[in-house]
Amino acid sequence: MDPSSAGAGGNSLPSVGPDGQKRRVCYFYDSEVGNYYYGQGHPMKPHRIRMTHSLLAQYGLLDQMQVLRPNPARDRDLCRFHADDYISFLRSVTPETQQDQIRALKRFNVGEDCPVFDGLYSFCQTYAGASVGGAVKLNHGLDIAINWSGGLHHAKKCEASGFCYVNDIVLAILELLKHHQRVLYVDIDIHHGDGVEEAFYTTDRVMTVSFHKFGDYFPGTGDVRDIGHSKGKYYSLNVPLDDGIDDESYQSLFKPIMAKVMEVFQPGAVVLQCGADSLSGDRLGCFNLSIRGHAECVKYMRSFNVPLLLLGGGGYTIRNVARCWCYETGVALGQELEDKMPVNEYYEYFGPDYTLHVAPSNMENKNTRYELDNIRTKLLDNLSKLRHAPSVQFQERPPDTEFPEPDEDEEDQDERHDDHDSDMELDYHTPLEDSARRSTIQGTRVKRESAGAETKDQQDGSRVTGEHRGSEPMAEDISPSKQAHVDANAMAVDEPGNVKTESGSSTKLPDPPAIYQKP
């Protein structure tokens, strides 16, 4: 199927230039994000975002994008998906007070994989605000929005999981649903995108597609037989893979499956989680993708000319994470980057070759042609059972996100933190328990590896921010050219509809836009 024809069924973007290569791209970055530190020996290192940004600057890509500093998400923004008491806990807990909150730590699954560290809540506000800000920009006409600090796909309504505290992806999709009847979520992280799948498991307005390692591997979910429930039946697609998958095998599944998804589902917007732990040589991963192979997924989804939100995710060999996300930013902009790396602030990390690309290994590909063919056939058969482009009844569209006035910069920060006027009606179920859809495999509950002697990559990002930043009322344009407008990305909260997951948690979906009506 021709990618352009597939995209034409959705909310197509205007092509800019004779070859349609150019896109209007915005990029969210907070200069403090690299200062957050999960702790000694922890594989998640926000420092990789700062390394990526440095490469973008030296390759000259920042000049080609609208560069925005995100407005931190407020309590009520986070509570559009998460429970009030969970967000209150994240806001209040500190390394000094956590020993007084043992029961809460256990209840909210905070501790080992998801430690309490200095500035934890500010970190969550920053990366979530950037993802929702990207959704706002897409809703207002931009083609591609990028937030490499986002993509934390494991977080649940009432608990942290797999290094993820707040699910910025779910929050961004809820924002996109204000303007789009259907939103597609695609996940190429090596780990199953369980938190996003669970949030939208019973709706046909969001389709989730996850390509991941399956078996005795965190989080233990994502069987090909997990297809959604009720109205969401067949709207969850899981592509379970084995160790050592290479570029050719991966694309033999990705392209035909995504082509059929775009043809049948016809989304108005796409969210692509670009977790880089699926790259060859990742500290926690076991796939064998090259950076070009990984980026081919970005290139392919970009080709459909549908508004696209690019997010980060996993990735624990941080020199390769920075390489990958820099190259994929170039793909978003339609720019092929030179392999020889320009001198940059972190140049020594990329030796001895100092190149953008690294060769994959000679590890065995345990994914046989027979197994890949079976998976592809099964998923294409599931997609054939869907009616094309599901419709919804005519309803009034929720209000657009309101941009706060500049004088809100003087707003009392305690008032922001104590804002309990969340427009999301929460159901006060007990915290999520392990369900049949969550891990039943011993050992898959813990994501991180045991801490050993730290390598150079493992020691990065040890500087911690010394102060918590206050909320900024605007998404400040920090493009080098200073030509783009300053935009706000604080989220307006609406009264969305309710979608319940199998574990009893609920996600509020905004009403579909008024322009869509049932035939």
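Glycine is no exception: its Cβ is also placed from the backbone N, Cα and C atoms.
Worth saying up front: this structure is predicted, and the values here are computed from it rather than measured.
The annotation domain 'Histone deacetylase' is assigned in TrEMBL to 42-329. Summarising the annotation, TrEMBL assigns substrate binding site to Asp113, Gly162, Tyr316. As annotated by TrEMBL, active site, proton acceptor applies to His154. TrEMBL lists Asp189, His191, Asp277 with the feature divalent metal cation binding site. Summarising the annotation, TrEMBL assigns region 'Disordered' to 387-519. Summarising the annotation, TrEMBL assigns compositional bias 'Acidic residues' to 402-413. Annotation comment: TrEMBL describes 426-437, 446-471 as compositional bias 'Basic and acidic residues'.
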Inter-residue Cα distance where the pair is Gly162 (substrate binding site) and Asp189 (divalent metal cation binding site), in Å: 12
Cα distance (Å, whole number) from Asp277 (divalent metal cation binding site) to Gly162 (substrate binding site): 13
Among Asp113, Asp189, Asp277, which are binding-site residues, the residue with the most C-beta atoms within 10 angstroms of its C-beta: Asp189
Neighbours of Asp189, His191, Asp277 excl. site residues, C-beta within 8 Å of centre, divalent metal cation: Ile190, His212, Lys213, Gly275, Ser278, Leu284, Gly285, Gly313, Gly314, Gly315
Separation of alpha carbons, His154 (active site, proton acceptor) and His191 (divalent metal cation binding site) (Å): 9
Candidates Asp113, His154, Tyr316, namely the recorded positions, that fall within 10 Å of Asp277 (divalent metal cation binding site) by Cα distance: Tyr316
Length of the line joining the Cα atoms of Tyr316 (substrate binding site) and the residue listed as 'active site, proton acceptor', in Å: 16
Extent of the substrate binding site in Å [max Cα distance among Asp113, Gly162, Tyr316]: 14
CB within-chain contacts under 8 A for His154 (active site, proton acceptor), separation at least 6: Ser161, Gly162, Phe163, Cys164, Asn167, His191, Gly193, Asp194, Gly195, Pro219, Lys447
Cβ neighbours of Tyr316 (substrate binding site) where a neighbour is any other Cβ within 10 Å: 24
Other CB atoms, at most 10 A from the CB of Gly162 (substrate binding site): 24
